[in-house]
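Novice: Structure incoming, see below.
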């Protein structure tokens with residue numbers, strides 16, 4: 001047995017056992033929301049969110065040939081650990097602030113959505129962090145995100161549906177900050193290599209995310225859920241069409257590049273997340289989807305060549321231009337619509 005596997009056996013299982021024991025003890029002390037209440041979230045919509053996060057992000061990050069199985073497996077591991085941690089933090093904060101405890105399905109759904117931030121961050125450090133570091137990053141990041149959500153809700157009076165959309169910029173820039181602690185692999189290293197099969201599975205993850213993104217944007221909306229649903233769908237449709245268009249125009253041979261489609265097809269859903277329930281006319285959502293796709297593809301061309309080398313960033317899966325920049329566009333759109 002190699003030393004790497006010996007270190008893995010000595011550290012990872014014991015860390016998982018320790019965390020799970022702590023979670024069980026804290027659940028027994030603080031968690032008491034599993035009572036008969038009328039839920040605001042229906043189980044089929046909860047399933048949509050689960051499918052999106054587990055299947056979507058699991059396959060979305062499967063583009064590196066050396067880390068395909070790791071991305072899918074570790075995605076599930078950090079997801080289930082992170083959901084438990086998120087629910088515990090929420091319960092502790094509810095207990096300290098003496099707030100009304102949520103219904104169980106609502107709490108699980110919000111925790112699953114909060115874990116999107118961690119999974120996005122994982123894309124920036126994929127192939128550089130070992131399992132112990134990923135697990136510790138999960139605990140730290142989900143704790144920070146849950147606290148920021150409570151600050152938004154209690155102090156800034158931001159609604160849950162809008163506050164939850166912070167997962168995209170939070171995850172993208174937290175992941176970029178974490179990547180600064182690790183050296184960039186050599187461009188010719190196998191750690192950066194992909195295969196047609198790994199790219200195909202990664203595109204499958206994009207399709208999962210695309211299909212279920214309207215449920216993600218509408219599940220926490222207090223009103224106008226149908227409006228949020230169809231605005232997200234229109235934005236996603238336009239961003240996907242624009243992705244194919246710009247991919248053909250920006251390549252030398254005029255062919256489609258799946259790396260463009262892989263990232264830009266989702267940009268519309270991210271950008272419209274903040275305003276999905278407040279946009280009155282679908283054409284506004286369509287414009288947001290178009291602009292988000294343009295920003296994503298141009299960002300993938302410019303940032304990787306200019307900004308990333310200058311700042312010494314190594315963004316493995318391009319979370320900056322896939323999630324970060326479209327989310328910034330969505331924030332600006334929310335500000336403009338609020339002022340108008």
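From the backbone N, Cα and C atoms, a Cβ is placed for every residue, glycine too.
Annotations in TrEMBL come from automatic prediction, not curation.
Okay, these came from TrEMBL:
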- 14-337: domain 'Ammonium transporter AmtB-like' (DOMAIN)
- 12-31: transmembrane segment (TRANSMEM)
- 43-64: transmembrane segment (TRANSMEM)
- 76-96: transmembrane segment (TRANSMEM)
- 134-151: transmembrane segment (TRANSMEM)
- 163-183: transmembrane segment (TRANSMEM)
- 195-216: transmembrane segment (TRANSMEM)
- 228-249: transmembrane segment (TRANSMEM)
- 283-307: transmembrane segment (TRANSMEM)
- 319-339: transmembrane segment (TRANSMEM)
Novice: Report yes or no: does the transmembrane segment (12-31) come within contact of the transmembrane segment (134-151), defined as 3 or more CB pairs under 8 Å with a sequence separation of 6 or more?
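Specialist: Contact between the transmembrane segment (134-151) and the transmembrane segment (12-31): present, because at least 3 Cβ pairs are under 8 Å.
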Novice: The transmembrane segment (163-183) vs the transmembrane segment (319-339): three or more C-beta pairs under 8 Å (separation of 6 or more)?
Specialist: yes
Novice: Cβ under 8 Å, sequence separation of at least 6 from the ends of the transmembrane segment (76-96): give me the contacting residues as numbers and ranges.
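Specialist: For the transmembrane segment (76-96), the list is 16, 19-20, 23, 26-27, 30-33, 53-54, 58, 102, 107-108, 110-112, 114-115, 118-119, 122, 131, 134-135, 138-139, 142-143, 145-147, 150.
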Novice: If I count Cβ-Cβ pairs under 8 A between the transmembrane segment (228-249) and each of 43-64, 134-151, 195-216, 283-307, 319-339, which range comes out on top?
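Specialist: By the under-8 Å Cβ criterion, the transmembrane segment (228-249) pairs most with 283-307.
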Novice: Mean pLDDT for the domain 'Ammonium transporter AmtB-like' (14-337), rounded to an integer?
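Specialist: PLDDT averaged over the stretch: 86.
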